[in-house]
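One structure is given here, and the rest of the page talks about it.
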Amino acid sequence: MSSFEDKKTTGITFNIQKYSVHDGPGIRTVVFLKGCPLRCRWCSNPESQRRRIELAYNTGRCLTLTKCVRCVEVCTMNAITRADDDTISIDRALCEECGMFCAEACPSKALITYGTTRTVDEVLNVVEQDSVFYARSGGGITLSGGEPFAQPAFALALLREARRRHIHTAVETCGYASWSDMEPALEYVKFVHYDIKSLDDEKHRSATGVSNVRIIENLRNIRSRFPALKVVVRTPVIPGFNDTEEDIRAIARLTAELEVEYQLLPYHRLGTQKYTFLDRQAPMGEVVLDEQVMTALNAVVAAEHATDG
(Lines of atoms letter the chains of each structure in order from A and count residues from 1; the text may use other names and numbers.)
(Lines give C-alpha, C1' and ligand atoms only; values in the text may rest on other atoms or scores of the structure.)
Protein backbone atom coordinates (compact mmCIF):
# COMPACT_ATOMS: atom_id res chain seq x y z
CA MET A 1 0.00 0.00 0.00
CA SER A 2 1.25 3.51 -0.80
CA SER A 3 2.20 6.10 1.77
CA PHE A 4 -0.80 8.19 0.71
CA GLU A 5 -3.19 5.31 1.39
CA ASP A 6 -1.55 4.43 4.72
CA LYS A 7 -1.78 8.03 5.93
CA LYS A 8 -5.56 8.06 5.37
CA THR A 9 -6.21 4.73 7.13
CA THR A 10 -8.34 5.29 10.23
CA GLY A 11 -8.59 3.58 13.60
CA ILE A 12 -9.84 4.22 17.12
CA THR A 13 -7.37 5.21 19.82
CA PHE A 14 -8.12 6.04 23.44
CA ASN A 15 -4.87 7.71 24.44
CA ILE A 16 -1.55 8.94 23.09
CA GLN A 17 0.97 9.05 25.93
CA LYS A 18 4.20 10.94 25.49
CA TYR A 19 7.53 10.51 27.27
CA SER A 20 7.09 6.89 28.28
CA VAL A 21 10.21 5.04 29.44
CA HIS A 22 8.70 1.63 30.23
CA ASP A 23 7.24 0.60 26.87
CA GLY A 24 10.32 -0.24 24.85
CA PRO A 25 13.82 1.22 24.46
CA GLY A 26 14.44 4.92 24.99
CA ILE A 27 11.84 7.65 25.32
CA ARG A 28 8.66 6.67 23.53
CA THR A 29 5.21 7.83 22.56
CA VAL A 30 2.65 5.11 23.25
CA VAL A 31 -0.44 4.95 21.05
CA PHE A 32 -3.25 3.03 22.72
CA LEU A 33 -5.67 1.31 20.34
CA LYS A 34 -9.18 0.32 21.40
CA GLY A 35 -10.34 -3.28 21.26
CA CYS A 36 -9.11 -6.43 22.99
CA PRO A 37 -10.16 -10.09 22.61
CA LEU A 38 -9.27 -10.84 26.25
CA ARG A 39 -11.31 -9.98 29.33
CA CYS A 40 -8.64 -10.22 32.02
CA ARG A 41 -10.08 -9.89 35.51
CA TRP A 42 -7.20 -7.57 36.49
CA CYS A 43 -7.41 -5.26 33.45
CA SER A 44 -6.45 -1.71 34.43
CA ASN A 45 -7.78 -0.21 31.19
CA PRO A 46 -11.43 -1.33 30.92
CA GLU A 47 -11.99 1.46 28.41
CA SER A 48 -9.64 -0.39 26.06
CA GLN A 49 -11.68 -3.57 25.77
CA ARG A 50 -14.49 -2.60 23.40
CA ARG A 51 -13.50 -1.42 19.99
CA ARG A 52 -16.17 1.28 19.74
CA ILE A 53 -16.14 4.75 21.29
CA GLU A 54 -17.68 4.69 24.79
CA LEU A 55 -19.29 7.21 27.12
CA ALA A 56 -17.90 7.59 30.66
CA TYR A 57 -19.68 9.32 33.54
CA ASN A 58 -17.96 10.84 36.58
CA THR A 59 -20.73 11.55 39.10
CA GLY A 60 -18.40 13.70 41.20
CA ARG A 61 -18.28 16.33 38.47
CA CYS A 62 -21.97 16.28 37.57
CA LEU A 63 -23.91 19.56 37.90
CA THR A 64 -27.41 18.10 38.09
CA LEU A 65 -27.72 19.53 41.62
CA THR A 66 -27.66 22.95 39.95
CA LYS A 67 -30.46 21.77 37.64
CA CYS A 68 -28.14 21.22 34.67
CA VAL A 69 -29.67 18.71 32.26
CA ARG A 70 -27.83 19.62 29.06
CA CYS A 71 -26.93 15.98 28.41
CA VAL A 72 -30.57 14.89 28.69
CA GLU A 73 -31.64 17.62 26.29
CA VAL A 74 -29.14 16.79 23.54
CA CYS A 75 -29.17 12.97 23.71
CA THR A 76 -30.53 11.75 20.37
CA MET A 77 -30.98 8.17 21.59
CA ASN A 78 -33.08 8.94 24.70
CA ALA A 79 -30.44 7.02 26.64
CA ILE A 80 -29.91 9.62 29.40
CA THR A 81 -32.44 10.44 32.10
CA ARG A 82 -32.29 12.30 35.38
CA ALA A 83 -32.24 9.94 38.35
CA ASP A 84 -34.00 10.39 41.69
CA ASP A 85 -30.70 11.11 43.48
CA ASP A 86 -30.02 14.13 41.23
CA THR A 87 -27.46 12.29 39.15
CA ILE A 88 -28.10 11.03 35.64
CA SER A 89 -28.82 7.50 34.52
CA ILE A 90 -27.42 6.11 31.28
CA ASP A 91 -29.13 3.23 29.49
CA ARG A 92 -26.04 1.74 27.89
CA ALA A 93 -28.12 -0.59 25.74
CA LEU A 94 -29.37 2.54 23.95
CA CYS A 95 -26.12 4.49 24.14
CA GLU A 96 -24.35 3.84 20.84
CA GLU A 97 -21.98 5.73 18.58
CA CYS A 98 -24.29 8.68 18.00
CA GLY A 99 -21.80 11.52 17.88
CA MET A 100 -21.63 11.74 21.67
CA PHE A 101 -23.28 15.16 21.70
CA CYS A 102 -23.88 14.78 25.44
CA ALA A 103 -20.14 14.81 26.16
CA GLU A 104 -19.66 17.88 23.99
CA ALA A 105 -22.51 19.65 25.78
CA CYS A 106 -21.42 18.75 29.34
CA PRO A 107 -20.01 21.96 30.91
CA SER A 108 -18.19 20.20 33.76
CA LYS A 109 -16.77 17.26 31.76
CA ALA A 110 -18.66 14.80 33.93
CA LEU A 111 -19.37 13.05 30.64
CA ILE A 112 -16.35 12.20 28.52
CA THR A 113 -15.69 9.79 25.70
CA TYR A 114 -13.18 6.98 25.67
CA GLY A 115 -12.00 6.71 22.09
CA THR A 116 -11.20 8.98 19.17
CA THR A 117 -11.20 8.14 15.47
CA ARG A 118 -7.91 9.24 13.96
CA THR A 119 -6.01 8.79 10.72
CA VAL A 120 -2.49 7.38 10.62
CA ASP A 121 -1.26 10.81 9.55
CA GLU A 122 -2.94 12.49 12.55
CA VAL A 123 -1.40 10.01 14.97
CA LEU A 124 2.10 10.24 13.54
CA ASN A 125 1.98 14.03 13.43
CA VAL A 126 1.61 13.87 17.23
CA VAL A 127 4.30 11.21 17.55
CA GLU A 128 6.79 13.22 15.49
CA GLN A 129 6.57 16.16 17.91
CA ASP A 130 9.07 14.32 20.13
CA SER A 131 11.46 13.20 17.40
CA VAL A 132 14.40 14.92 19.08
CA PHE A 133 13.91 12.73 22.18
CA TYR A 134 13.79 9.57 20.08
CA ALA A 135 17.01 10.50 18.31
CA ARG A 136 18.86 11.08 21.59
CA SER A 137 17.50 8.05 23.47
CA GLY A 138 16.85 5.41 20.81
CA GLY A 139 13.11 5.72 21.37
CA GLY A 140 10.14 5.88 19.05
CA ILE A 141 6.51 4.80 18.80
CA THR A 142 4.91 1.91 20.70
CA LEU A 143 1.51 0.52 19.76
CA SER A 144 -0.38 -0.73 22.79
CA GLY A 145 -3.98 -1.19 23.82
CA GLY A 146 -6.21 -2.93 24.21
CA GLU A 147 -4.66 -5.18 21.65
CA PRO A 148 -3.08 -3.45 18.62
CA PHE A 149 -3.83 -6.40 16.34
CA ALA A 150 -7.54 -6.07 17.11
CA GLN A 151 -7.30 -3.27 14.52
CA PRO A 152 -4.92 -5.02 12.12
CA ALA A 153 -5.23 -2.70 9.12
CA PHE A 154 -4.71 0.40 11.26
CA ALA A 155 -1.79 -1.16 13.16
CA LEU A 156 -0.09 -2.23 9.92
CA ALA A 157 -0.52 1.19 8.32
CA LEU A 158 0.78 2.96 11.44
CA LEU A 159 3.87 0.79 11.67
CA ARG A 160 4.64 0.91 7.97
CA GLU A 161 4.28 4.69 7.77
CA ALA A 162 6.31 5.14 10.96
CA ARG A 163 9.16 3.22 9.40
CA ARG A 164 8.91 5.38 6.28
CA ARG A 165 9.45 8.34 8.61
CA HIS A 166 12.44 6.59 10.23
CA ILE A 167 10.71 6.19 13.61
CA HIS A 168 11.70 3.18 15.75
CA THR A 169 8.67 0.91 16.19
CA ALA A 170 7.51 -1.32 19.05
CA VAL A 171 4.37 -3.29 19.84
CA GLU A 172 2.83 -4.49 23.10
CA THR A 173 0.60 -7.49 22.43
CA CYS A 174 -1.32 -10.19 24.27
CA GLY A 175 -0.53 -12.48 21.34
CA TYR A 176 -4.16 -13.45 20.75
CA ALA A 177 -4.57 -12.62 17.07
CA SER A 178 -4.50 -14.45 13.79
CA TRP A 179 -0.98 -14.98 12.48
CA SER A 180 -2.13 -13.60 9.13
CA ASP A 181 -2.80 -10.27 10.90
CA MET A 182 0.39 -10.27 12.96
CA GLU A 183 2.98 -11.40 10.44
CA PRO A 184 2.75 -8.53 7.91
CA ALA A 185 2.81 -5.93 10.70
CA LEU A 186 5.83 -7.50 12.40
CA GLU A 187 7.84 -6.87 9.23
CA TYR A 188 7.88 -3.24 10.38
CA VAL A 189 8.54 -3.81 14.10
CA LYS A 190 11.86 -3.57 15.94
CA PHE A 191 10.77 -4.49 19.47
CA VAL A 192 7.94 -6.56 21.01
CA HIS A 193 6.55 -6.77 24.52
CA TYR A 194 4.67 -10.07 24.57
CA ASP A 195 2.32 -10.94 27.42
CA ILE A 196 1.89 -14.49 28.69
CA LYS A 197 -0.44 -14.84 31.65
CA SER A 198 -0.32 -18.60 32.25
CA LEU A 199 0.64 -21.82 30.47
CA ASP A 200 -2.29 -23.60 32.14
CA ASP A 201 -4.97 -23.42 29.45
CA GLU A 202 -7.92 -24.05 31.76
CA LYS A 203 -6.73 -21.40 34.18
CA HIS A 204 -6.09 -19.00 31.31
CA ARG A 205 -9.60 -19.48 29.92
CA SER A 206 -11.12 -18.89 33.35
CA ALA A 207 -9.27 -15.61 33.96
CA THR A 208 -9.16 -14.10 30.46
CA GLY A 209 -12.01 -15.71 28.54
CA VAL A 210 -9.78 -17.24 25.86
CA SER A 211 -7.42 -20.18 25.37
CA ASN A 212 -3.65 -19.66 25.51
CA VAL A 213 -2.94 -22.06 22.62
CA ARG A 214 -2.89 -19.37 19.93
CA ILE A 215 -0.80 -17.09 22.16
CA ILE A 216 1.92 -19.70 22.63
CA GLU A 217 1.84 -20.66 18.95
CA ASN A 218 2.25 -17.04 17.88
CA LEU A 219 5.23 -16.57 20.18
CA ARG A 220 6.89 -19.60 18.60
CA ASN A 221 5.99 -18.24 15.15
CA ILE A 222 7.66 -14.93 15.95
CA ARG A 223 10.85 -16.62 17.09
CA SER A 224 11.05 -18.81 13.99
CA ARG A 225 9.90 -16.23 11.42
CA PHE A 226 11.66 -13.17 12.91
CA PRO A 227 14.69 -14.53 14.82
CA ALA A 228 16.42 -11.13 14.93
CA LEU A 229 13.40 -9.34 16.39
CA LYS A 230 13.89 -8.28 20.02
CA VAL A 231 11.15 -9.91 22.13
CA VAL A 232 10.56 -9.45 25.85
CA VAL A 233 7.93 -11.70 27.40
CA ARG A 234 6.10 -10.25 30.39
CA THR A 235 3.77 -11.78 32.95
CA PRO A 236 1.51 -9.74 35.24
CA VAL A 237 1.69 -11.50 38.60
CA ILE A 238 -1.89 -11.72 39.86
CA PRO A 239 -2.80 -12.79 43.41
CA GLY A 240 -4.79 -16.01 43.40
CA PHE A 241 -4.19 -16.62 39.70
CA ASN A 242 -0.54 -17.12 38.76
CA ASP A 243 1.42 -16.03 41.84
CA THR A 244 2.97 -19.45 42.44
CA GLU A 245 6.44 -20.76 41.69
CA GLU A 246 4.89 -23.52 39.57
CA ASP A 247 3.12 -21.03 37.29
CA ILE A 248 6.08 -18.72 36.85
CA ARG A 249 8.64 -21.51 36.49
CA ALA A 250 6.67 -22.97 33.57
CA ILE A 251 6.73 -19.67 31.68
CA ALA A 252 10.36 -19.04 32.62
CA ARG A 253 11.35 -22.38 31.12
CA LEU A 254 9.47 -21.62 27.90
CA THR A 255 11.16 -18.24 27.56
CA ALA A 256 14.56 -19.77 28.31
CA GLU A 257 13.92 -22.40 25.64
CA LEU A 258 13.00 -19.69 23.11
CA GLU A 259 15.92 -17.50 24.24
CA VAL A 260 13.86 -14.42 24.98
CA GLU A 261 14.05 -12.07 27.94
CA TYR A 262 11.42 -12.57 30.64
CA GLN A 263 10.06 -10.00 33.09
CA LEU A 264 7.45 -10.09 35.86
CA LEU A 265 5.05 -7.19 36.40
CA PRO A 266 3.53 -6.80 39.89
CA TYR A 267 -0.24 -6.52 40.10
CA HIS A 268 -1.58 -3.03 40.80
CA ARG A 269 -5.03 -1.58 41.35
CA LEU A 270 -4.69 1.42 39.03
CA GLY A 271 -7.68 1.97 36.81
CA THR A 272 -10.39 0.75 39.17
CA GLN A 273 -12.17 4.11 39.08
CA LYS A 274 -12.60 3.79 35.32
CA TYR A 275 -14.82 0.76 35.86
CA THR A 276 -17.15 3.00 37.89
CA PHE A 277 -17.20 5.60 35.12
CA LEU A 278 -18.36 2.85 32.72
CA ASP A 279 -21.00 1.52 35.15
CA ARG A 280 -19.02 -1.67 35.63
CA GLN A 281 -17.71 -3.55 38.66
CA ALA A 282 -13.94 -3.94 39.07
CA PRO A 283 -13.56 -7.76 39.17
CA MET A 284 -10.50 -8.00 41.42
CA GLY A 285 -11.84 -6.16 44.43
CA GLU A 286 -9.34 -5.26 47.15
CA VAL A 287 -6.68 -7.95 46.65
CA VAL A 288 -3.01 -6.98 47.00
CA LEU A 289 0.22 -8.68 45.98
CA ASP A 290 2.71 -9.61 48.69
CA GLU A 291 6.14 -8.08 47.98
CA GLN A 292 7.85 -11.18 49.35
CA VAL A 293 5.98 -13.27 46.77
CA MET A 294 7.33 -11.06 43.98
CA THR A 295 10.86 -11.39 45.34
CA ALA A 296 10.59 -15.18 45.41
CA LEU A 297 9.13 -15.35 41.90
CA ASN A 298 11.83 -13.09 40.46
CA ALA A 299 14.38 -15.49 41.97
CA VAL A 300 12.66 -18.37 40.15
CA VAL A 301 12.96 -16.51 36.84
CA ALA A 302 16.62 -15.70 37.45
CA ALA A 303 17.39 -19.33 38.30
CA GLU A 304 15.70 -20.73 35.19
CA HIS A 305 17.42 -18.30 32.86
CA ALA A 306 20.77 -18.78 34.58
CA THR A 307 20.42 -22.53 34.02
CA ASP A 308 19.69 -21.88 30.35
CA GLY A 309 22.75 -19.67 30.03
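Sequential numbering from 1, following the chain as shown.
Heads up, the Cβ atoms here are built off N, Cα and C, so glycines get one too.
Among the features that Swiss-Prot reports, domain 'Radical SAM core' is placed at 22-309.
Counting Cβ atoms from all protein chains shown, Cys40 ([4Fe-4S] cluster 1 binding site) has 23 others lying within 10 Å of its own Cβ. Taken from Swiss-Prot, the feature [4Fe-4S] cluster 1 binding site applies to Cys36, Cys40, Cys43, supported by sequence analysis.
Sequence-distant neighbours of Lys197 (S-adenosyl-L-methionine binding site) (same chain, six or more apart, CB under 8 Å from its CB) are Cys40, His204, Ala207, Thr208, Asn212, Thr235, Pro236, Ile238, Phe241, Asn242, listed in sequence order. Residues annotated as S-adenosyl-L-methionine binding site in Swiss-Prot: Trp42, Cys43, Ser44, Gly146, Asp195, Ile196, Lys197, His268.
Listed as Cβ neighbours of the domain '4Fe-4S ferredoxin-type 1' (53-85) (distance under 8 Å, sequence separation of 6 or more from its ends, same chain) are residues 12, 34, 47, 91-92, 94-117, 274, 277-279. As annotated by Swiss-Prot, domain '4Fe-4S ferredoxin-type 1' applies to 53-85, with the evidence given as sequence analysis.
According to Swiss-Prot, the [4Fe-4S] cluster 2 binding site annotation covers Cys62, Cys68, Cys71, Cys106, on the basis of sequence analysis. DSSP assigns Cys68 ([4Fe-4S] cluster 2 binding site) to coil in the three-state reduction, placing it in neither a helix nor a strand.
Among the features that Swiss-Prot reports, [4Fe-4S] cluster 3 binding site is placed at Cys75, Cys95, Cys98, Cys102. All protein chains included, Cys102 ([4Fe-4S] cluster 3 binding site) registers 26 other Cβ atoms within 10 Å of its own Cβ.
Residues 10-14, 34, 47, 52-65, 68-80, 278-279 of the same chain sit 6 or more residues outside the domain '4Fe-4S ferredoxin-type 2' (86-117) yet have a Cβ under 8 Å from a Cβ within it. The feature domain '4Fe-4S ferredoxin-type 2' is assigned by Swiss-Prot to 86-117, with sequence analysis given as support.
Most other Cβ atoms within 10 A: among the binding-site residues Cys68, Cys75, Cys95, that distinction falls to Cys75. Other residues of the same chain near the [4Fe-4S] cluster 1 site, with their Cβ within 8 Å of the Cβ centroid of Cys36, Cys40, Cys43, are Leu38, Arg39, Trp42, Asn45, Pro46, Ser48, Gln49, Cys174, Thr208.
The residues near the [4Fe-4S] cluster 3 site, meaning same-chain residues not in Cys75, Cys95, Cys98, Cys102 whose C-beta sits within 8 angstroms of the mean position of the site's C-beta atoms, are Leu55, Cys71, Val74, Thr76, Met77, Ala79, Ile80, Ile90, Leu94, Glu96, Gly99, Met100, Phe101, in sequence order.
Each residue in the domain '4Fe-4S ferredoxin-type 2' (86-117) gets a DSSP state, and the totals come to 5 helix, 9 strand, 18 coil. Only Cys71, from the binding-site residues Cys36, Cys43, Ser44, Cys68, Cys71, Ile196, place their Cα within 10 Å of the Cα belonging to Cys102 ([4Fe-4S] cluster 3 binding site).
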